[in-house]
Amino acid sequence: MSSSAPTFSRPLQTPLSKEELDRINDYLRTLSPQEILQWGIEHLPSLYQTTAFGLTGLVTIDMLSKLTSNPPPLIFIDTLYHFPETLELVEEVKRRYNRDVHVYKPYDCSNVEDFEAKYGQKLWEVDEDTYDFAVKVEPARRAYDELGVKSVITGRRASQGGERANLQPLEADSTGLLKLNPLFAWNFSLVDQYVKEHNVPRNKLLDQGYKSIGDWHSTAKSGDGDAGERAGRWAGKAEKTECGLHKDYFAMKAAAKKVTREKELQAQKEAQAQAQASSPVSPPAVAPTAA
């Protein structure tokens, strides 16, 4: 950074005040993605990169490989419903960049069978918010707690639209977690150009008509005329633009706990009703006959 750059503590002392966050963003908005990443490496405490291995995350991984020999560790949330091509890409990235990846899955679930035994089938259709919390939000929070994460690099960009339209370079969520969005100002064309110029690994599904790739059950192919970079995600649900990772954690946790408690109470009522229905009926008492 130049000598005229504003000074910030190393690492930043959290929580950040709104004034300090605004001052940081005023500065970061003048930098390139690589410069934002370099600033993050120097200033953000306990920095990790969370990624679902989408294009922006892959570009970030490549940029970091050129900036430092010790890039922030990677965190991948395995929802158990990823496409096989996505899991293949994870392994390709690990080999290409010689990186380890911290993988977190839904709590106490190793596979789809475990998850569906716990939550039932097609939870994403039955209760979408609980699904998002179980497969992404809770595993991410567990990763942050176990790894001591205080800051993360994300792959979000303003051009993706929806709740991301007013994205800033650095954000602080309701838990105090700092989120660095180095490519916040890039559009898809710039990302695509970087991928091609640097031969960055990419998901094979992108060549099969997909624009944005999430879980297999909620990702559809998109025609060239489909609007938006994330066309095909959550098909038929125009109001949904985020999976939950970037929503209010405490609100989602409270909602998930409420649903769980309601299910427990319902199960108790059903068990009691079944027990009463199956219990033998005692014959009426017979009054003794007078001698």
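Here the Cβ of each residue, glycine as well, is placed from N, Cα and C on the backbone.
Looking at the stretches 4-35, 68-99, 132-163, 260-291, the one that TrEMBL records under the feature region 'Disordered' is 260-291. Along the domain 'Phosphoadenosine phosphosulphate reductase' (48-220), the predicted structure has mean pLDDT 95. Residue counts for the compositional bias 'Low complexity' (268-280) under DSSP (helix as H, G, I; strand as E, B; rest coil) come to 11 helix, 0 strand, 2 coil.
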